[in-house]
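*Asks:* The following block contains the structure, expressed as structure tokens.
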């Protein structure tokens, strides 16, 4: 069966007798690769290899499952783990490949949320071939040990001495929106960007305790990011792991007695704990950081990521009322409500701690998602209806507003339905086009929605090469059901921030003027383009169902005494006097050409090598 569109052609086999994909033989390496998938079974198992030109092939351990590494990440879920297996060291094709890795279709970020239908249950995973070892084949899961990089153990280089900031002079504290530092780009594009080592350094406060909310953890690496003087301070890790992956996470933390865990409740299928937030308690006060990076080294190395860093919140005077320290954006009570939604005793002390601090200087609005089905007033607490409510209450209509574009940029895509009217151009676009209470009851057909998602060429030419696509897990199973979506796509170009070759893991949404010089609002969030993240209306629009935990911050001009945000033309080096908003990529975005294809992570790319001489061959 052939799927063809303006933005890609894929050859798919719907053979019913093929549960697993068969690796191609070296002799049959074709310029027109195909991947065989059983569409009925929606397989959970694929083995991925890199091919490399012979002169570039490195030596490789025969047993890739026994590669030793300084700190093996404990992945956010089995599916996320599988995404990182896709990023193993490049190898030549071998006739007896390593055993394939079982993957759960439980997360959109890892590309396996094949349906958001309530009544769809996952098909059973194919049984694994027994290994030729003394390991019992009886439902025994093997944890894959990976080298610390897709390009071998020497890929991550120590940052130069002048890579890190030594003071805060280059930090623009007007918007408090920062990009992560990227290795391998000119220094000026990192001046004012932040690395995790800087965030946790004494430069921002004398740390006493912290909480790390995230999806994916590499605990030994995370501990190393704290400076030596803070490295044994108490840390709580808030995660969504279950069963084997939870056991691995706990095992990884054994050498670190200062680490405790808080498990987020995930009661709806295909939901994930996708929120990325740091709560930092200092001797001097308290700080919140809401970001887009997992706590793994690859996410802080050569990807484009973003964050909002709060001001340092001082402690309130003794005896202050509970309502004290609130901001005009209601940030304090919204943050407390989000934390209380976990229903976790481990967070109770932090909830009390936050109540004792003054958060009144906050100028952003909190937008969270928490799993559940909500009716009545609760519908507007979470997900895209929360965004709609804030845009209705705190923005005003602009002249010619139907010509102001809606722009979404993300790193993963869920199932949107058979056509745009099922969710994207209906309830979601209605939310994104809301401006003030006088907003139209339905989305104007004149308003363009522009979606920014990397093309195959973007990934191929990136700093990481094809392995960057392991963090852009748009699967063929989802893509081939929604070819209509690809006409919305625009490529990733970020010359303005020096990050055109640093693939985006950041997620941003905004409303931009027809000439791309003004913003009506800007949102940075963990939420990708999916119903699981943003919620979907049910029961004749009387209920919204949200699957995942997500968190982001919304910038509205009214909170900055402005009518719109001017788009900053010179983001780097950062300047404390700048009034423009630092959009992380180029505006206007460039629509895909007729030759461009959206990056799809589980089909082969063999026609051209990447920046490291590799091709991408999932088999």
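Just so you know, glycine gets a Cβ as well, placed from its N, Cα and C.
Unlike curated entries, TrEMBL annotations are predicted automatically.
In case it helps, TrEMBL gives these features for our protein:
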REGION    1-158  region 'Disordered'
COMPBIAS  29-44  compositional bias 'Basic and acidic residues'
COMPBIAS  52-68  compositional bias 'Basic and acidic residues'
COMPBIAS  85-99  compositional bias 'Polar residues'
ACT_SITE  274  active site, nucleophile
BINDING   276, 507  substrate binding site
ACT_SITE  505  active site, proton donor/acceptor
SITE      530  site 'Interaction with DNA'
*Asks:* Starting from the Cα of the residue listed as 'active site, nucleophile', work out which of the recorded positions (505, 507, 530) are within 10 Å.
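*Replies:* So the list is empty; none.
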*Asks:* Whole-number Å only: compute the distance from the Cα of residue 507 (substrate binding site) to the Cα of residue 530 (site 'Interaction with DNA').
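*Replies:* Cα-Cα distance, residue 507 (substrate binding site) to residue 530 (site 'Interaction with DNA'): 12 Å.
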*Asks:* Whose Cβ, among the active-site residues 274, 505, has more other Cβ atoms within 10 Å than any of the rest?
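*Replies:* Compared across 274, 505, the most Cβ atoms within 10 Å surround 274.
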*Asks:* How long is the line from the C-alpha of residue 276 (substrate binding site) to the C-alpha of residue 505 (active site, proton donor/acceptor), rounded to the nearest angstrom?
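*Replies:* Computed Cα spacing between residue 276 (substrate binding site) and residue 505 (active site, proton donor/acceptor) is 12 Å.
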*Asks:* Including all protein chains shown, what's the count of other C-beta atoms within 10 A of the C-beta of residue 530 (site 'Interaction with DNA')?
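*Replies:* Total other Cβ atoms inside 10 Å, all chains included: 27.
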*Asks:* Could you state the whole-number distance in Å separating the C-alpha atoms of residue 530 (site 'Interaction with DNA') and the residue listed as 'active site, proton donor/acceptor'?
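*Replies:* If we compare the Cα positions of residue 530 (site 'Interaction with DNA') and the residue listed as 'active site, proton donor/acceptor', the gap is 15 Å.
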